[in-house]
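Copied from Swiss-Prot, the annotated features are:
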- 14-34: transmembrane segment (TRANSMEM)
- 50-70: transmembrane segment (TRANSMEM)
- 104-124: transmembrane segment (TRANSMEM)
- 139-159: transmembrane segment (TRANSMEM)
- 170-190: transmembrane segment (TRANSMEM)
- 213-233: transmembrane segment (TRANSMEM)
- 249-269: transmembrane segment (TRANSMEM)
- 287-307: transmembrane segment (TRANSMEM)
- 339-359: transmembrane segment (TRANSMEM)
- 368-388: transmembrane segment (TRANSMEM)
- 396-416: transmembrane segment (TRANSMEM)
- 421-441: transmembrane segment (TRANSMEM)
Amino acid sequence: MNANLAHQPPQGRLSLLALSALGIVFGDIGTSPLYTFKTILGTGGQPTGAAAVLGALSLVIWTLFIITTVKYVMFAMRVDNDGEGGILALMALLGVKRQRRPTIVALGLFGAALIYGDGAITPAISVLSALEGLNMAAPALQPYVVPAAVVILLALFAIQSRGTASIGRLFGPVMLLWFVTIAVLGLVGIARHPTVFAAINPSYGLSYLVSNGATGFLVLGSVFLCVTGAEALYADMGHFGAGPIKLAWFAVVFPSLIINYAGQAALVIDGAPTDGNIFFRLCPDGLLLPLIGLATLATIIASQSVITGAFSMTRQAIQLGWMPRLAIKQTSSEGYGQIYVGAVNWLLMLVTVSLTIGFGKSDNLASAYGIAVSLTMLMTSALLFIAMREIWQWSLLAAGAVAGVFLTIDSAFFLANLTKIAEGGYVPLLLATSVYGLMWIWHRGAAAVAERMRERLIPVAQFMADIAEKKVPRVPGTAVFLTRTERGAPPVMLWHVKHNRALHEHLLVLRVEVISIPWVAPDDRLKIEELAPNVWRAEATFGFMERPHIPELLKASKARGCRIDLDDITYYVGHETVTARDDGKGLPAWQEQLFAAMERNSLHVSDFFSLPRDSVVEIGRQVAI
């Protein structure tokens with residue numbers, strides 16, 4: 001869905017979009033009650049007296065309010081890149097201003113890389129935590145929890161290539177049922193100890209932190225689990241618009257979460273055992289199996305949302321030039337976000353299943369979970385500070401005061417999670433560092449290739465004069481030469497004439513550029529200039545959420561006076577084989593080799609631009625970087 005269409009939905013569609021948002025945006029944060037409170041209670045040395053439980057609940061309530069409601073709903077969602085949100089869209093928006101660009105890029109890219117860690121851990125911890133309810137309903141089934149989780153996860157990743165549009169309509173209603181259910185369960189718990197709502201007073205949380213010292217600080221790492229998934233409110237803004245997401249949050253999600261956490265706290269204060277999963281203890285025994293089934297569905301939906309988010313972010317990174325071209329399959333005509341990226345899907349599946357088997361329990365995975373999300377949020381806060389200064393034109397004092405609160409809180413959560421590195425926190429950090437390194441090397445390598453291409457440019461006028469002087473034969477038809485250079489005759493054209501000693505009658509030099517906004521208006525898509533008789537240069541501009549389709553683009557070029565025969569076109573694309581420079585001025589050898597490997601395995605240019613294969617001529621040449 002185009003962000004501009006969803007940005008301000010008609011009033012009649014607001015509720016429907018909010019229902020859809022429940023199934024796409026809130027799956028991750030909505031299933032957090034399955035493991036958050038039990039992880040808090042399981043933190044080493046955590047007291048379970050009434051004061052301590054109220055303190056922990058107070059921390060959860062105010063974390064949800066400050067991080068999700070204030071930071072993301074009230075502030076981050078006001079900074080949209082032509083309707084799109086998320087850390088990469090924010091990076092692209094701020095990157096338009098050249099000041100501090102390296103800092104902005106580093107923050108945005110590493111924050112994006114961390115989301116892959118989240119994408120691998122969320123399905124594992126969510127599905128495991130739901131199935132672990134079987135330990136209470138049918139203890140004899142405990143040995144089958146991990147195998148069942150693995151089967152569900154394998155099936156989930158296996159169906160991605162077929163798309164989920166047909167069943168996606170059910171996600172919203174299922175999640176609505178989930179939120180109503182957890183709210184009702186919470187009310188059942190609250191009825192046993194109604195005074196639990198005293199925890200709304202933040203003094204309980206502050207007192208807990210002060211009185212428990214190191215234990216209180218460590219508990220922050222577990223408290224943070226209640227807001228994993230909050231980044232999705234901002235990242236998925238382009239699919240629904242801010243209005244439906246805010247409506248779903250305030251009307252359904254936020255109150256349901258608070259009520260359920262309060263119910264779990266009330267149950268503990270009332271004397272319920274804290275071993276096992278306190279969430280499932282809210283449920284009457286006779287309804288436990290149906291609840292486990294509903295929880296499993298909710299966690300599958302949450303996992304699906306995270307996987308789809310990883311696909312979407314990959315497409316953004318490719319279009320912005322930070323990842324190699326990968327095969328992207330449109331799985332449905334109903335929405336632009338319905339895509340499948342096979343390489344990402346199978347990598348996530350491998351990591352997710354390995355984590356499920358390796359860690360075995362959701363409690364163990366909780367240690368690995370929070371660190372990736374907390375660091376992403378910290379980087380988002382840093383970018384928000386820059387946005388306050390550069391976009392909203394706030395004073396340094398005002399921006400520092402507001403962003404300083406976010407940065408302080410995010411830093412506290414990150415430091416608390418940092419203590420879990422040895423317990424599994426290294427997993428998302430290692431994955432994120434690897435992805436970040438590959439993105440940076442790809443960008444450096446692509447820039448080096450482009451620079452080498454520019455060194456060999458000659459003006460088009462000089463090229464045409466040489467053609468006339470050498471009496472190069474002209475053959476009927478149209479040749480379209482794709483180039484990455486902003487000016488001059490493209491290298492692929494020079495190579496073509498050198499090797500084939502002929503040139504078509506009609507020539508079009510086409511450069512495709514992806515810019516740092518998600519969508520480009522049709523009137524701004526194409527600029528055409530006639531360089532010589534029957535020789536044109538076209539500049540095509542796309543947003544980072546769009547997929548370039550060259551044959552469709554050429555229809556528009558003919559309508560603008562470019563006299564080409566659409567039925568007789570040959571596309572010429574260059575293929576550069578990367579080698580190391582022998583003057584010591586290029587990329588380090590290991591970076592050159594990594595870039596060359598990524599280039600060899602990337603999607604072919606003709607497939608990326610949807611060129612008809614039987615009309616493509618590829619000309620290769622070695623380029624030393």
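Each residue, glycine too, has its Cβ placed from N, Cα and C.
Among the stretches 170-190, 249-269, 368-388, the one making the largest number of Cβ pairs under 8 Å with the transmembrane segment (50-70) is 249-269.
Long-range neighbours of the transmembrane segment (368-388) within the same chain, counting only residues 6 or more positions beyond its ends whose Cβ lies under 8 Å from a Cβ of the stretch, are 67, 71, 75-76, 79, 87, 90-91, 93-94, 100, 104, 107-108, 110-111, 114-115, 117-118, 121-122, 125, 221-222, 224-225, 227-228, 230-231, 234, 355, 359, 394, 398-400, 402-403, 406-407, 410-411, 413-414, 417-418, 420-421, 423-429, 432. Between the transmembrane segment (104-124) and the transmembrane segment (287-307) there are 3 or more Cβ pairs closer than 8 Å, counting only residues 6 or more apart in sequence, so the two stretches are in contact.
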